[in-house]
Amino acid sequence: MPMCTTGTGIGYGMVVVSGLVCIYYNVIIAWTLHFLFSSFTSALPWASCDNPWNTENCTLAANHSALEENVTRISPTQEYWNNRVLGISAGIEETGTVQWELALCLLGAWVVVFFCLFKGIKSSGKVVYFTATFPYMMLIVLFLRGVTLEGAGKGLVYYLTPDFSRLADSQVWYDAASQIFYSLGIAFGGTQVMASYNKFNNNTHRDSVFIALSNCCTSVFAGVVVFSILGHMAHKLDMDVKDVVANGPGLVFVAYPEALTLLPVAPLWSVLFFFMIFTVGLDTQFVMLETCITGICDEFPHIMQKYKTWVLLVVSVAMYLLGLTCVTNAGMYWLNLMDWYSAGFSLMVLAFFMCVAISWVYGFQRFCKNVQEMIGYQPNYYFKICWAVISPMVLLFIVVFSMVVHVPAYYGDYQYPGWAICIGWFMALLSIIMVPLFAVLAILKAKGSFMERLRYACESSDDWGPALVSTSSAESSQSEPEKKVPLQDTEGTGNSYISTI
């Protein structure tokens, strides 16, 4: 039941993006499980150079100063990551074999996700009580430990000292926007799916502000925890903090494990840290997979709703099999390629079309009235101006800028071949193409002249509205709850306005 028929493809695009990310995101959780299981030992396996996977270039932090100037130090953590965990090949062309340990960890991750979701929102909601709160407990513990370490101040100064010259770098703004999209789940569809299970009169205005503020505050606090320990690591290695900071998976699976080896009772801290990362990863995977399952079941409610558990099982098995590509010797290259293209540029495009569809096709005034029906008042002018003008303009700028400064995917010094870049762009366009495809279909299904078809396709469906309607007027929403009369089977979509654009 779309609010804007021509924008139906935006919802489909969100499901496609979430599905693609689900495939490789659980691989990251599998890596976390591998490190977690490896931490149950008296000495961390990445703390020494005396293992079968180490090379002659492996050098402990304590021997760093004794190296010759023309010799590049390779830490045992880096070799453990590349040689032991990934078994990484020379390029994406050299697929090699499936790393059976990672394949089992990936299977374990999917089993956990399945059993946490197989009863729908009821089971996942209970699990999230733990997975959402435990990381905060761990961050507090790691913060108290981190700030007491020698050299922690060095890392905190580096983290908290602004470099205003970087504000002139347009790439910084693009990276910041990308981070916010990932962090808040913008254009993934997950927030709409989860919000659809709220009560009709739930104050979504308050919740959206609270989520944004708490997310940013958590990110800042997590940065304090990370850089306090990285400062200790830089002190021990007699290096600058910027030289021990790694991007992407290198931070979690190389820099931080190496920092953990410098802590007293290192295995204990390693277990706690990777268990925290595991719970954080599960939260994200829950939402993205629930988006896919809810999208499928709500699209075919009379067929799929009664078989929702089977749909979850089939989707989980299919994504596990597809994810096996990312646990081969070339798996890191495949995962990096998917991460580079599947949910970057496409997210910006989907968000732009969503703003246009809601503000200028459906009408932001009508949308504000819908919000008023639910919470009793309209959002203030700040939100209206952002929805109608600022957000579309900023998103359009980001989309154009990302195309102008686009850099093909790479991993370290490795440059991807042309055929791999083509696969990457196919994944990016797979979600974007849904927008014009369903817009054209909506126009073709309408009757009359072209302008009549276009006008009809830009209007809401006849059955668009709240899934449950009060027997009294909307103005009574602040009084004692009224009896609700269901318009349809709402088992899948919950009690809010149908969130599919």
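Every residue gets a Cβ built from N, Cα and C, even glycine.
Pulled from TrEMBL, these are the features on record:
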BINDING   Ser183, Asn215, Asp283  Na(+) binding site
COMPBIAS  470-479  compositional bias 'Low complexity'
COMPBIAS  490-501  compositional bias 'Polar residues'
REGION    462-501  region 'Disordered'
TRANSMEM  12-37  transmembrane segment
TRANSMEM  98-118  transmembrane segment
TRANSMEM  127-147  transmembrane segment
TRANSMEM  180-197  transmembrane segment
TRANSMEM  209-230  transmembrane segment
TRANSMEM  268-289  transmembrane segment
TRANSMEM  310-334  transmembrane segment
TRANSMEM  340-364  transmembrane segment
TRANSMEM  385-406  transmembrane segment
TRANSMEM  418-444  transmembrane segment
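TrEMBL feature annotations superimposed on the structure.
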{"residue": "Ser183", "record": "Na(+) binding site", "Cβ neighbours (10 Å)": "13"}
{"residue": "Asn215", "record": "Na(+) binding site", "Cβ neighbours (10 Å)": "14"}
{"residue": "Asp283", "record": "Na(+) binding site", "Cβ neighbours (10 Å)": "15"}
The transmembrane segment (98-118) vs the transmembrane segment (180-197): 3 or more CB pairs under 8 Å: no
Spatial neighbours of the transmembrane segment (127-147) far in sequence, C-beta under 8 Å, 6+ residues away: 116, 156, 218, 221-222, 224-225, 228-229, 232, 263, 269, 272-273, 275-276, 279-280, 282-283, 286
Chain residues outside the transmembrane segment (418-444) and at least six past its termini with a C-beta under 8 angstroms from it: 5-10, 12-14, 16-17, 20, 92, 333, 337-338, 340-342, 344-346, 349-350, 353, 408-409, 450, 453-454, 457
Same-chain residues near the transmembrane segment (12-37), Cβ under 8 Å, at least 6 residues beyond its ends: 85, 101-102, 105-106, 108-110, 113, 187-190, 192, 249, 252-253, 257, 270-271, 274-275, 277-278, 281-282, 284-285, 288-289, 291-292, 295-296, 319-320, 322-323, 326-327, 331, 334-335, 338-339, 342-343, 346-347, 350, 427, 430-432, 434-435, 438
Leading stretch by Cβ pairs under 8 Å, where the reference is the transmembrane segment (268-289) and the options are 180-197, 209-230, 310-334, 340-364: 180-197
Any contact, the transmembrane segment (209-230) to the transmembrane segment (180-197), with at least 3 Cβ pairs under 8 A: yes
Beyond the flanks of the transmembrane segment (340-364) by 6 or more, those residues with Cβ under 8 Å of it: 3-4, 6-7, 10, 13-14, 17, 20-21, 24, 177-178, 181-182, 186-188, 384, 387-388, 391-392, 395-396, 398-399, 402-403, 406, 409, 424-425, 427-429, 431-432, 435, 458, 460, 501
Cβ-centroid neighbourhood (8 Å) of the Na(+) site, Ser183, Asn215, Asp283 excluded: Leu184, Gly185, Thr218, Ser219, Thr284
